[in-house]
Structure formats: structure tokens, C-alpha cells
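A short worksheet on the structure shown next.
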Amino acid sequence: MGYGKVPQSSPDKPNYCFRIALVLCLMGTLLVAVTLGLCAYAFRMYEALDMGRSIHNHRPGECRQVQGPVKGSEDIEFIRSQEIAFITSGVLYLQPHRNKYFEGKMFIYDFKNQSTDQPVATQLPIKGDLFDKENFHPHGLTHWMVDYAIRLYVINHNKDMEHSVEVFEYDHSGADLLHRESIKHPTLVRPNDLVAVGPDQFIFTNDGVFQSEIGTLFEALTGWNGGTVYYWDGKESHLLLSGMGGPNGIAYDGKRNKLFVVEMKKKVIHVYELPEDKKSVVHLSTIDVHSACDNIYLDEGGILYAACHPLLYEVTKSVGDCDGPTTSPSQVLRLQFDEEYKTAAISELYANYGKEISASSVAVFYNNQMLIGSICKGLLHCEIRDSSVFNF
């Protein structure tokens, strides 16, 4: 029996068309997914940068500019027992080009001896053979009383973005600062603020990892959470927290054993308890403040005050133009916690679009007086005449 020729197979046109349609469908699905992802990212950035949010100017009483720290007052440390405040000015942060004309200084503000017309903060001379004045650009600060003397711990960034904690003692008689030592350690990655918890012991925040404006922009755009919190025991550092989104201001309530840490990117303030050795933390609560807060201040009654940047996209512009006319809004919040520190009643004590005080970074209180510091432009004194700002 013979066999005929086997006919050549022809392309399966229906299957071929199906494959083409499937590829096009997958490409369309991918395009839709990418578009939705970009839209979601754009919305998150819109929310994160506070676009579309409005500011309503109000203040608790008369406010006046304080003469002295024209290059800002990034942090303020209030010494309640002596009714004075120490102020850092001239922070050089991720902007090394400003080193040539932006001098770092320390000021003191005496609440008891102020003119009703023109409040003044006085510059403090700094003494010490090993003190490098040209490389001093102070950021956050804290204090501890050692043998009845005020010892200051000040975060410093030099022109090469190398970081240290400079230790000073305040000389009452000569009204100056004596430089004692420089603390340097690899864990001072990008320190922002610190709080003393003992003599030569403090807890500090690193608000990120990168050491340049471009690197910081990358952190912001990608959502990189490289912030950390460490405890310095006088000799070594101990990691307390990691993976945080811009940990910034920090405060410690020794009476109630509570640690407060601002996470700026997430617009929250965390509350922790410390064990006796302070080498770990126990999380109690996270308070959503709906604002990018900077430094925080704790009063004797356990009430927390936070200076914030309510429009984050505006503060990024103003900080990049410290020597120019660009300003950004300021805000001061008051947080009163419940007994278990699980919730907090929040009120807004002050808000301004930036003309009166730009980029508020800290606020401290004394006898119905409020000092509001800024990152790089001036210092504001306000009288609290309207007590209703403390009501919820």
C-alpha cells in the first residue's frame, strides 16, 4: 500500500492572532498598572508635601522680633531653674556652599531682663584652645546640670559634613561658654537633635543617611526610611530605633520616664518608656499630628509643645534660600496626653504663613511668654495674653 505526500502545515491564523491580542492586552494592562502606580505616587507626594493645605494666621498675643540671631535659631534649650535659654544659630546642614559667609553662633536669652519694646538675645563668646570656630555650625542642643554648673551638648556639622557633639560649660561670671571636648563616633551619621538623660549621656536622632542635598532628595522621593535613634552612654552608642522616616526632635520626661520622638516624614510623634539601662525602648503610642514637626519642648506638667512645618513643600524652598527672601509657614502645637499616654488632645497655639517667622523649628515657654525659633531666619518672642489657646 503506498503513501501519499504529507501536505505542508500552514500557520494557524486564529492562534497567531490570539497571541498578538494577548500581547497587546498584557501591554495595555501593564500600561494601566504603571499609570495607576504613577498616579498613586503623585497623590502620596501631594499629600506628603501638604499641597492644597491652607494656613490661617493667628497668635496668642503680641509678637516681636528678637534682636541677635539673624541667621536663625534652630534649637532652644530652656533652663527653667535660671529662667534663661540657650540658642543655636547658623546651622550648616547639607549646604556646604554657605560655609564662607554663614557663621555658627551661640546665644543666650534671659527671660527676666528683657525690654518691653525690643527683646534681645546676647551672643556668647566661646573659649577653648581646641575649639574650631571656623567649623562650628550648631544644630540641636540639650543640657545637664553637673555640680550646679550648666553643661551643654550641641550637635555640630562642619563644612565637610562631618558630625560631632560639642560639649560646653556655661560660665555665669564671664557670661561665656568654655569648650570641654568634642564627641565623635561613627553612629553620628546625620544627627539632628539630642536630649540629655544623665551626665555625659544622651539620646540622639539621625534623620537620614545621605550627606548631600541630592541624597536627601533621593530619600524623600523614594520613601527611604534610614533614620535611627541611639543612646550614648558616655563611651559607646546603643541602637534604640531604626528604619524611621526622618526622626527629628526628641524630648525626655525624667519624672514620668517617657521618651518622645518626632518622625517628621510620617507626621507623627512616638511615645516610649525607657528601661533602667536605657539601652532599649518600649513603645506606648503614636500620635498623628498631621504636620511635619521639628523640635519639641516638654514643660514641668508633662505637656509637649511642637514647632512644625505645616506646608512641607514650602519649607524645602525656604531652607534652600536661607540668605534670600523666600519664607515658609510656621506652626506651634500643644499636646496634652492622657494618663496612659495613649492619646493626646492637640491645640494650635500659633500659625503664620511665614512673614512673621519663617520655618519654625522650636518653641519654648516661660510665664506666658513664648520663644519661637526658626531654621535660618530670626527669632520671635510672643506674649500669651489669650489663655483660651490652652483650652481644648
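The backbone N, Cα and C atoms fix where each Cβ goes, glycine too.
Per TrEMBL, Ca(2+) is bound by Glu74, Asp75, Leu141, Asn192, Asp193, Asp294, Asn295; the candidate from Asn113, Asn225, Asn248, Asn257 named for the same site is Asn248. Looking up Cys382 in TrEMBL gives a disulphide bond to a cysteine among Cys39, Cys63, Cys293, identified as Cys63. The Cβ of Asn192 (Ca(2+) binding site) has 28 other Cβ atoms within 10 Å, all protein chains considered.
Sequence-distant contacts (6 or more apart, same chain, Cβ under 8 Å) of Asn248 (Ca(2+) binding site) comprise Asn192, Asp193, Thr205, Asp207, Val262, Glu263, Met264, Cys293, Asp294, Asn295. Across the structure, Cys63 (disulfide bond) and Glu74 (Ca(2+) binding site) are spaced 18 Å apart at their Cα atoms.
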